[in-house]
Amino acid sequence: MSKEKFKRSKPHINVGTIGHVDHGKTTLTSAITTVLSKKYGGAACAFDQIDNAPEEKARGITINTSHVEYDTSIRHYAHVDCPGHADYIKNMITGAAQMDGAILVVAATDGPMPQTREHILLGRQVGVPYIVVFLNKCDMVDDEELLELVEMEVRDLLTQYDFPGDSTPIVRGSALKALEGDPQWEQKILDLSNYLDTYIPEPKRSIDQPFLLPIEDVFSISGRGTVVTGRIERGIIKVGEEVEIVGIKSTVKTICTGVEMFRKLLDEGRAGENVGVLLRGTKRDDIERGQVLAKPGTITPHIKFESEVYVLSKEEGGRHTPFFKGYRPQFYFRTTDVTGSVELPEDMEMVMPGDNVKMVITLIHPIAMSDGLRFAIREGGKTVGAGIVVKVLQ
């Protein structure tokens, strides 16, 4: 059976369901695929297909995630759903499933609950740009005033975490009734898909962003100069363009005099490609793995930042014991480890394996970074945590 060719006729958007346990995230995911497959084609996914989420590894961490896909008239969506609360936290912090927007599921019977708040906060920290709300189980609430109250609470909560609570679309629905084929509730799923289409803008593709290549290796080719290799993370590099080498040492400028891939010379390298970039007048010893090649002025080196971190539990192969302030592991950014020290929040004595925590990290060398960069925490090459840069400090 040959693999189906991926059709690129529609823009591709990544979304996911977030919200409190048992509020109906997986049922909604199933309902969306079912209702949209009737209208636009595609596969319907049953609840248990989605609930038995396969394990994946991201940055050395095992996460259970289900991926489904569906179409609207104008877009193709890839949608992620996680079975457990811990999987959500790991997913959002490691960026295993980057979201262009999220569907926050809140049961009208309960209103916002602790994990509702936690997922919104995490969404803010890790840069989920847009949230659309699905008020679920509305078939079980007869009282219009109660629904309005729950809606108001959700809007307040979103506003509290700097999302535009007042203008956020909220759909009142019942995932279960829609799944059972009740036309009145199926329409609510179509309303939701319409908001996904209109409220979540198309993301800027990585190729349209400023050029960045994390350096994996450096060679010197006699008679030609120095070549750095790596996978282009974003943007395009053209022969003759000026680039900066950023991180670890002082930033230097140089010119790209050649791009090659699979031993063939190219005029340019693009996001996603593994390339060698030839640099003018740069010595082999001036460059090392862990630096980045970037469009001048687009990224700067930093040593201190606020982060949101998930610490692996013992069962996940993490530490067996807690750590305290002054903990000094290695922080793995893109292609290299850098030692750094940890400051914990005032009220926190120690961090237990399995916790997620906000911490300030100070590195011994500067690394090219901006808000949203992901990293792993390692001890002697073993991953013990994962994190994201929330705010660069210096």
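Each Cβ is built from the backbone N, Cα and C atoms, and glycine gets one as well.
Database features, via Swiss-Prot:
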- 19-26, 81-85, 136-139: GTP binding site (BINDING)
- Thr26: Mg(2+) binding site (BINDING)
- 10-204: domain 'tr-type G' (DOMAIN)
- 19-26: region 'G1' (REGION)
- 60-64: region 'G2' (REGION)
- 81-84: region 'G3' (REGION)
- 136-139: region 'G4' (REGION)
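Sequence features annotated in Swiss-Prot and their locations in the structure.
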residue: Gly19; record: GTP binding site; CB count, 10 Å: 26
residue: Asp22; record: GTP binding site; CB count, 10 Å: 12
residue: Lys25; record: GTP binding site; CB count, 10 Å: 26
residue: Thr26; record: Mg(2+) binding site; CB count, 10 Å: 23
residue: Cys82; record: GTP binding site; CB count, 10 Å: 25
residue: His85; record: GTP binding site; CB count, 10 Å: 14
residue: Cys138; record: GTP binding site; CB count, 10 Å: 21
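Using a 10 Å Cα-Cα cut-off from the residue listed as 'Mg(2+) binding site', the binding-site residues that qualify among Cys82, His85, Cys138 are Cys82. Secondary structure at Lys25 (GTP binding site), as computed by DSSP, is helix.
DSSP labels the residues of the region 'G2' (60-64) in these numbers: 0 helix, 4 strand, 1 coil. DSSP labels the residues of the region 'G3' (81-84) in these numbers: 0 helix, 1 strand, 3 coil. According to DSSP, the secondary structure content of the region 'G4' (136-139) in residues is 2 helix, 1 strand, 1 coil.
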